[in-house]
Amino acid sequence: MKFRALGLVLLLAVETCKAEEITCEETKPFTCNQTDRFNRKHFDDDFIFEGGKGRGLNVWDGFTHRYPEKGGPDLGNGDSTCGSYEHWQKDIDVMTELGVDGYRFSLAWSRIAPRESNQAGVKYYNDLIDGLLAKNITPFVTLFHWDLPQVLQDEYEGFLNHEIIDDFKDYANLCFKIFGDRVKKWITINQLYTVPTRGYAMGTDAPEPYIVAHNQLLAHAKVVHLYRKKYKPKQRGQIGVVMITRWFVPYDSTQANIDATERNKEFFLGWFMEPLTKGKYPDIMRKLVGRRLPKFNKKEAKLVKGSYDFLGINYYQTQYVYAIPANPPNRLTVLNDSLSAFSYENKDGPIGPWFNADSYYHPRGILNVLEHFKTKYGNPLVYITENGELLILSGCNVKGYFAWCLGDNYELWPSRSFHVSPFYLLHRKDKGAFPSFEA
């Protein structure tokens, strides 16, 4: 079976911006002084690979300045990273040299809005999009990669509040209107699972979890409905959403751990895929979570069901799963409501070679994920939107592949400052940039 190929690069706009002269206060809610503001010959021809000025503050600015210890051992933040805002033309030159023909990046909500359009931000993205298209590089544009404008967090607690749905729709409407004549691949939200769990359950990310996830799904669906009704007939683009995925295998062959593994698939993958394909949450989640899990009314269920033209799949790891008691020492949360826990090792050793921190390589897992989506969710059109190595499972509807990432960035996770790029741009600081030997 032949597949097609496109690019190599992904770089988050939110992570390449420099916040200007931020001053922050120890208040609740948090406030700041600027709140207002590979080888392609085996692939078909149309397969896709991807290998600030005027910006207001977002929740990551506030979070990392108020709690610098959560920025990793180097107390890092995103004030200055690999500088794509200033060096986007050089980035495009590098992509061209590498033969990339797809680039996935995110729009920084706080650079464009939230209350009125920011012309400096709009010009930057217009220039970037035009520059990509001039080099025959297809832009894949994400509307939200966790960088909520701080003003919306301060006003009504962001995704905890239903009001976010219409604000997100208004922001998306502005983006479709300004950029949609040239952008034909839109992603609403990156990794639906991440903000509810890491932001509202673990506390490692800038801010519940079930309410936040529910509002994310509704915000996503409303934006998709807007695009399909108002813009798609003329602009002829596609719109989807990105799922962070993992694969799960039983810790051992006991029935309890096999059952725990299946439950966990529903809590991790089904939590979002069941609403997107059936308009409801998985039955096992309804049973175990109970009243803490919101419900879609009939109108909402119809809106959410089928609200994607394609899915982005991010994959990095596979974990062993084992059962835990129904009444564990620590109270149940979104992270263990499935009555399961995770490990990278079982009695036979690690699940794969060590990568970094507590992560291990397990490339086979992405094949398992793709097969799962093929058999359980109707074989949707898929772009692998973050991954480090290309692996395709025959029969799965995979259209493109994006390696993470173009430049080493400020990683939104503890131990933030490590190299993640198979080809990386060295931290510039006016020194220019050049590819590493990995390219």
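Each Cβ is built from the backbone N, Cα and C atoms, and glycine gets one as well.
What Swiss-Prot says about this one:
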| type | residues | note |
| --- | --- | --- |
| SIGNAL | 1-19 | signal peptide |
| CARBOHYD | Asn33 | N-linked glycosylation site |
| BINDING | His145, Asn190, Gln191, Tyr316, Glu386, Trp404 | beta-D-glucoside binding site |
| CARBOHYD | Asn336 | N-linked glycosylation site |
| ACT_SITE | Glu386 | active site, nucleophile |
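When secondary structure is read from DSSP and collapsed to three states, Tyr316 (beta-D-glucoside binding site) falls in the strand class. In the three-state DSSP scheme, Glu386 (beta-D-glucoside binding site) is classed as strand.
The binding-site residues listed here are His145, Tyr316; among them, His145 has the most other Cβ atoms within 10 Å of its own Cβ. Using a 10 Å radius centred on the Cβ of Glu386 (beta-D-glucoside binding site) and all shown protein chains, the other Cβ atoms total 23. Taking CA atoms as the reference points, Asn336 (N-linked glycosylation site) and Gln191 (beta-D-glucoside binding site) are 19 Å apart. Sequence-distant contacts of Gln191 (beta-D-glucoside binding site), defined by Cβ-Cβ distance under 8 angstroms and a gap of at least six in the same chain, are Val242, Met243, Ile244, Asn314. Taking the Cβ of Asn336 (N-linked glycosylation site) as centre and 10 Å as the limit, one finds 17 other Cβ atoms among all the protein chains shown.
Long-range C-beta contacts of Asn190 (beta-D-glucoside binding site), restricted to its own chain and to partners at least six residues apart, with a cutoff below 8 Å, comprise Ser106, Thr142, Phe144, His145, Trp146, Val242, Gly312, Asn314, Thr385. Reduced to three states, the DSSP call for Gln191 (beta-D-glucoside binding site) is coil.
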